[in-house]
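TrEMBL lists 1-24 with the feature signal peptide. Taken from TrEMBL, the feature beta-D-galactose binding site covers 104, 105, 206, 207, 208, 280. For 206, the entry in TrEMBL reads active site, proton donor. Annotation source TrEMBL lists active site, proton acceptor at 345.
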Ligand code: BGC
């Protein structure tokens, strides 16, 4: 990134603009809310000249809102979220959150490293999900940097120390997440971590997208999805991969060409759709540019909105929002019901620590874990 100028963070609610010159993207720091114990939750609003804005809050380093124009220029929010910190703490949906230490499930909430067995919190039946009861999504992150650069991008970095033994995981982990909004409407999310003992890491972002927009929300069954993956990992009844890498050809999991999500979502003859209550599966991305490959393209015909997800990770979890059950009031008091949002979570494969044939999630002292993903926003022609 060229000539980043770092801004001293002094007062909340100050509009941070670096010079009189028109900059393509701005970062504005504001108060989002307060936890019961008095802890202030801050927000940083990144915005560009084209009407794209991303609000990130320190609770869970969460993407609380992502506003984009549709094909008519109408700007609306395309991610689910909450209006208050208390709602984020009360609900189990991980809306927009940074997930860690390990995104997705670990079977029987245990894994071994070099002969030592570690027991994690079982917070999903017998299994461990998304870092446990007090995962990265439930912690308050510290804003360590807010920057704007000469290329017209604005960014915020949030950091966290996860102590040795947190949630059952070994090693003190220093984690950070940087959200950067470009002038072309691409939001880059850069996850990093280091450890002082051999451990496992698998961080991702858990945004639920709905490209119809929040004000006029329609179920995501009418969105079209493309995932360049020739294989996926089938699961058992606890949604733990069986270990098989299955060809998608001829199954409801073939998204290599754009497909209407609803076309095969109700396929009661497909055991895997039945087990997931829809899509809740890990797609193995085809070989491509390992540094940054396309993981998914999502479009909504009605609004013309499109997002593309890019990642340097080997897989993406497509979750069709099956457990949104109408008990979770979202932004503006809107109840989120099944299929009101979908997640596309780049990551290593679920249960990787227990599956030697899956890509490794191991992190050694002296190494740096990096997961860079991009959400490119736009409209289809
Ligand atoms: C998982 C779902 C889980 C959801 C929780 C997703 O990433 O795949 O199975 O219920 O997170 O919000």
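Indices start at 1 and increase along the chain as displayed.
Quick reminder: no glycine exception, Cβ is built from N, Cα and C everywhere.
No curator has checked TrEMBL annotations; they are predicted automatically.
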Would you mind sorting out which binding-site residues among 105, 207, 208, 280 put a C-beta under 6 angstroms from ligand 1?
280
Using DSSP and three states only, what is residue 207 (beta-D-galactose binding site)?
coil
How long is the line from the C-alpha of residue 280 (beta-D-galactose binding site) to the C-alpha of the residue listed as 'active site, proton acceptor', rounded to the nearest angstrom?
11
Inter-residue C-alpha distance, residue 206 (beta-D-galactose binding site) and the residue listed as 'active site, proton acceptor' (nearest angstrom):
6
Length of the line joining the Cα atoms of residue 345 (active site, proton acceptor) and residue 207 (beta-D-galactose binding site), in Å:
8
Counting across all protein chains present, how many other Cβ atoms fall within 10 Å of the Cβ of residue 208 (beta-D-galactose binding site)?
25
Please classify the secondary structure at residue 280 (beta-D-galactose binding site) using three-state DSSP.
strand
According to DSSP, folded down to helix, strand and coil, what is residue 105 (beta-D-galactose binding site)?
strand
